[in-house]
Each structure stands twice: as structure tokens, then as C-alpha cells.
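Below is one structure; the comments refer to it alone.
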Amino acid sequence: MRVLGFGCRIIVFLALWMGVKAEIYLVTVEGDPVISYRGGVPGFEATAVETDENFDPTSQFVTSYAQHLEKKHDMLLGMLFNHGSYEKLYSYKHLINGFAVHVSPDQAEILRHAPGVKSVVRDWKVRRLTTHTPQFLGLPTGVWPTGGGFDRAGEDIVIGFVDSGIFPHHPSFATHHTEPYGPVPKYRGKCEVDPDTKRDFCNGKIIGAQHFAKAAIAAGLFNPTIDFDSPLDGDGHGSHTASIAAGNNGIPVKIHGYEFGKASGMAPRARIAVYKALYRLFGGFVADVVAAIDQAVHDGVDILSLSVGPNSPPTTTKTTFLNPFDATLLAAVKAGVFVAQAAGNGGPFPKTLVSYSPWIASVAAAIDDRRYKNHFTLGNGKILSGIGLSPSTHPNQTFTLVSANDVLLDSSAMKYSPSDCQRPEVLNRNLVEGNILLCGYSFNFVSGTASIKKVSETAKSLGAVGFVLAVENASPGTKFDPVPVSIPGILITDVPKSMELIDYYNVSTPRDWTGRVRSFKAVGSIGDGLMPILHKSAPQVALFSARGPNIKDFSFQDADLLKPDILAPGSLIWAAWSPNGTDEPNYVGEGFAMISGTSMAAPHIAGIAALVKQKHPRWSPAAIKSALMTTTTKLDRAGGPLQAQQYSETEEVKLVPATPFDYGSGHVSPRAALDPGLIFDAGYEDYLGFLCTTPGIDVHEIRNYTNSQCNNSMGHPSNLNTPSVTVSHLVGTQTVSRTVTNVAEEETYVITARMHPAIAIETSPPAMTLKVGASRKFTVTLTVRAVTGTYSFGEICLKGSRGHKVRIPVVAMGYWR
């Protein structure tokens, strides 16, 4: 009884503590993190990384100083609060100096005013941002051979994935049919053990697997049954992104017995390090994501793929670039890690980006050249177009159409929305068997409570030869994706065509005076939708892809920095899926899924960056980003300018000329990126200069997050040495400078520029010759000619005598004085 009573007292105490609504806070404190500590604390040697390069996490100096910081975090909390009244979740030591803690708002206020505390930020949520593309991008013939073939592409490069985990048994990550993987000495991550199988998650291809859920648990949202208390992917998203960047080459994509081609990652020989911090039902928390990034950099990853972003600009800091998340990414880049982040899925509206900072690559999503189409032929000869990854009904044969509403077993079944065809038990098998089942596409499919996969299962279980889904009404801009099914099936997405089908069915179906069907006379046949059609009008910017201009604060004021940076495939991407995954109801239990999102675009860039890193191992993250950006294309396969999906006045989807706010520098061209000719390099001090010269940023806030004093020598944020030029408020004339470094043989470059007539543009000098490794500065002068109230776009081109072509976008909005 005494033991029970003791337990009850603990429960009562915890209930009282939790009753004051404890929340999670990220706290930064005085003192440099490992990445920037230059000495000064007695007994602890300097650990700072002076240039953008990988630091050694195994150094005794790093280990001892990190332990010192953690002890200080514990001491601070111990002095302020009684033991048991708070829960420290993480100590951040390597990239930022601080911790995540679960405390009451009152305790957070005490922390905020405590000596040595620099910032206290309430945690905020993040969300997921969701093959043929190696061929579309020219990797098998134009890139992989230069690195020794697909079986060497990305060799020994480690890509870290902060996502929803991984399904380690998928063939995209298997090692039985590959050359043995050797150790990667620079990587020092660990492999957690699956609590059920007692086996770890690593196999040589996967070399690290950890999960981070302390904030999710403290918030009371973590469900170990659904979310898995391990790196196992309970969603599907993490397996998908990992296989896009680094999945094995030539893996057959099979669903329902049909093969939809072969899948491959961009860098099929790269290693995978998993840092699970996203979960199915709620997304994730910044506290967990920051801990995952901190650990990944400590472990020694080369590339970070982030298909994750905040739900909105951070409200707790004035600046989009300055918060614990972006400050952690800045430190990661300082440590030599290239970061690719999904731009966001809020398109096609302006200022919808959730990836803001100059030190990372923000990736927009493109539609590639593959389209899946199908058709339904009515008994009256009309052919209705639609989508459906399915086989055809028997050739040269028509089948009777039966509507779900007309084959109910009982009229009371109407309460189950029978037209959705989600419940086979309410439909009469005797009337459905051997026929085509006609179903209605309702809002339940949009909300996820109904799925095309379930329609297929219903039709199959009732013995139907196939099914047709008719969209009778749709919200403007509703996006329909093709879904693989095991029997003939088609979705008629166009509302007028759906009405043609329904009218034909009603006219052909005689009924008695009560409305009951006397006989089913409507007939039709379903075409073969298994083979894709390749279009030359690709790439195009996907409708959902987030757009610029970039913003610098929560008030949505424009930043002098172009975002997104680059465009990559992100629509209808076939890649690995977790059979445990329930994120997409149409792919529950499947091994592959075809998903869309900037989540899919970011790992394309991460994988291609791994190929650049493999060829140029000493290049900084900024150099890799520059090589990717300056070699992009602004043309589609037909030779026309890139177009972007947009809404028309009637909110239908249309195509409009794309701008840098849609695609950044353009669509990625992997082969050209391996040999860019010139690069625009930048490092930590440059990014600090960008922050310090951005109007409206509090220098104290900069010091809080960077542990650095401000340096205003850059003069204006537009002078940051990025491969783009952006002036959001151009008054009169402004001159900005850029420095290029030659990474090829000696070459002479001629510099030209063009701009919309509202802005005059001049560059100086007109030409320059650079020896191997040499750097030269050039200037760009912009002058307002006319105030239009809109942005003007242009570009600068540096054309080399040896054939290199380096192109950067220019964006400016003019104002009168």
C-alpha cells in the first residue's frame, strides 16, 4: 500500500504541474556553441570551425566542451526551478548553445529574465513539404558515367534525412545485389535497434538511424503504436524522400502486379543517414528537428535533405532568417554541410515560401514530361478523357454500367454515402458482378476519408470488371493525381464530361414510377492507362509550388534575396514507400507511391548535390549551390520559355510565363552543374554581413543567434555574393558587386546583361580573364527608368571562351525618390 500511495502522490503532483499547461520552449544562452567557440573558458581548448568545412566531432576538445555546455544548461535550470517542476528535452551544443525545455509559461518568463539567457522562444510546429526523373534529368548518360557509372554515383557521400524515418527492408535500400559497402570513417552516427525485431536499422547503405520525439511526447501527441518509437517510417514520406536522393538504381516499381518502370535515386551509391523527427498525425516540432539537425552535423553528414518547414513565418522572432531553426542551419553550413530545403506547397500565390535563408538551397517543384492519361468510351460512341493507372477492360467488348446508388441492398444504406463506393457490404453483388461500377467523387476523397484504392477494392470484391469515378462538382483548382489500381478504373476529372456520362447513364436506364431501375442498358469500356505519355512542354512550375518574393519578417516585408533558388522535379514522383505508411490512403500497404510536393523536389537537389560533392570534395556548400544555380535552364524541352501553372480569373488552372519568383535561377541541369566554370562563393562571415545590413534587424537579436558581433562592411544585403541579384526597393541608382572564382582552366568571360525596360542595367568590366583558381569582382548598376509598381526581371550572363555559360537572375522593383 505504501508503494501505491507513493505512486499516487507522483501522479497528483504531475497532474498539478501539467494543469498549468506546460509548453515547450527553445532557450539560447550566452557562450559559443562548439562550432564557433574560439577559446577563453579556462580548461577548454578552442573548437571553432574557421572556414566552411567539416569539423571533427570526435575531438577530445569538442567532446569536453560539449559536456561543459550541457552541465551549464542543467545548472541554470537547477538553480531556477525545483527538481521535477520542469523537463529538459534536449541540450543543443554543437550548432547553437541552448536547450529545449518543457515548462509553464510563468517559468518561461523567469527563464527569459534570468542572467545569461539570450532568447526564449515557444516551440512551433513544422510540416512535411510532398522513377522517371533520372532519365528526364539526363543522369544515366550525362552524369553517372563521369563518376564511374551508377554503381559509383555518390560513393562515400553521406546524405542526412530529417524526415519521418525509413523502411529499411525496402529494395531501394537493400545491399544484397550491390557491391559491398565499406566503412565511411568520417561518419560517426549510430543505428538504433528496432524494439520489435531487435535488429538495428543499418546495412551499409543505411549507415545511421535515430529518432527524435521528446518534444512530441512532451506535447502529448506522440502515439508509439502509430508513430513507432524508433526510426521506422510510420508515414511513408521519409522512405520516399530518401529513395529519391539515394535509392538503389534500377528497382522495379511494381504495384498490383504491374510494373511502372524502374526507380533510382539521383546518387544511387550515396549513403543514407536517417534522423526521424516527423510523425504522421501532427507533423513535428522545431525542438525535435533542431536536435536532429544538430546530431546529423555532429555525426558528419555531407548533405542535409529537409522536406520540412514551418507552418508559417516565425511569430516569436521579428526576422524570418533569425530563429533557432534557421540559426541551426546557418551553423550546419558553417560546418560544411550543404542543405536542400523544400520551398513549401502554398503556391501559386505570392509570398508563400517557408524556406527563407540565403545559406540554404530552397527548392521549388516542377512537373516533368510524364503524364498519365486514360479514356472511357460510352455506348453512344463518345470518348471521355480521364486519368487512371489501370489496365483496360477486355478489348473490343463493352460492359454494362451500374450506379452504386442503384444497386443498394437496403435503402437505409444511403446514410453511408454509398456513391463513394467505400463499403462493399451495402451494395448488391448480384447486380454489380461482371459490370462496371459507377461511383461519385465527393469531398470525402479530398478530406482523405475516402480513397480511390478503396473504390478499387470494393469493385473487385463485388466481382465488377472495373469502375468509373465521376467528378460532378469540384472546387476550382482541385488537383487530381492518377492512382494505380488492380482492375480497370478511371477518374473523369472534368465536370462537364462527368455530366455527359451521367446524362448518358440516366437516358439509357429505364426506371419504374418509384425510380427503381427496371434494367441496366448503359454500356462502356475503359482504356489502358498503364503507359505514360511524354510531353515536350516540360518542365513546368507546379501549381502547388510556393512562390516568392522572399520575405524578411512576419509583416511580410520583401527581402533583398531571391527565393526559391532552384527548380527540380516534384510532381507525380514514383519512389519507395513504407508498407506501414498511412499518410496517403491510396498507397496503404504498398511498397511504392507516386507523390507530389516540394518535399519530392528537395531530395532531387540533395542527391545531385552529392554528385557535385563527390567530384569536388573540397567545395563549400555555397560553391555547390552556385554550381547548381548558374547552370540551370529557363527553357522547356520544346525550346520555349518555362511556364508556370496558375489560376485563371475563373479559378481554372492555366499556364503563364514563369518568373524567378516561380523557379529561382531555373530548372536544374545536373550535367552542367558538374562543370560550372565559375562559382559565386560565400561563407559564414558573408551571411553575417547579410544579416547585419538588412534593415529592421535588431543587432542584439543577431548576436543572440550567431554569437557574433555585427559587421556592416557589406553595405547592403544585395551585395551578398549569391548567384542572383535582388533589390526589393530600388530608389534612383544602386550598384551591387559580385565576385566569381574560376574552377576550370584559364578562360576569358564576356559579361552581358538584359533587363525589363523599367530598370536600366549596366555591368563592369565588360570582360575579364581568370586563371585557374583566380577570383575577380564585377559590378552591376541598376537605375530606375519607370515606376511600374511591380518587379522587373532580367539576367546577367558570363560567356566563357571555352564554352562555359554562367547565368544569374536579376530582380528589382523601382521607386521614385
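Quick reminder: no glycine exception, Cβ is built from N, Cα and C everywhere.
It should be emphasised that the depicted structure is a prediction, and the values quoted were computed from it without experimental measurement.
Annotated features, as they stand in TrEMBL:
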- 1-22: signal peptide (SIGNAL)
- 66-127: domain 'Inhibitor I9' (DOMAIN)
- 154-637: domain 'Peptidase S8/S53' (DOMAIN)
- Asp163: active site, charge relay system (ACT_SITE)
- His237: active site, charge relay system (ACT_SITE)
- 412-493: domain 'PA' (DOMAIN)
- Ser599: active site, charge relay system (ACT_SITE)
- 719-811: domain 'Subtilisin-like protease fibronectin type-III' (DOMAIN)
Summary of DSSP states over the domain 'Inhibitor I9' (66-127), given as helix, strand and coil counts = 23 helix, 21 strand, 18 coil
Using DSSP, break the domain 'Subtilisin-like protease fibronectin type-III' (719-811) down into helix, strand and coil residues and give each count.
-> 1 helix, 62 strand, 30 coil
The DSSP breakdown of the domain 'PA' (412-493) into helix, strand and coil residues is 30 helix, 16 strand, 36 coil
Including all protein chains shown, what's the count of other C-beta atoms within 10 A of the C-beta of Ser599 (active site, charge relay system)?
-> 30
Number of other Cβ atoms within 10 Å of the Cβ of His237 (active site, charge relay system) across all protein chains | 30
Other C-beta atoms within 10 angstroms of the C-beta of Asp163 (active site, charge relay system) total 29
Rounded Cα-Cα span from Asp163 (active site, charge relay system) to Ser599 (active site, charge relay system), Å | 10
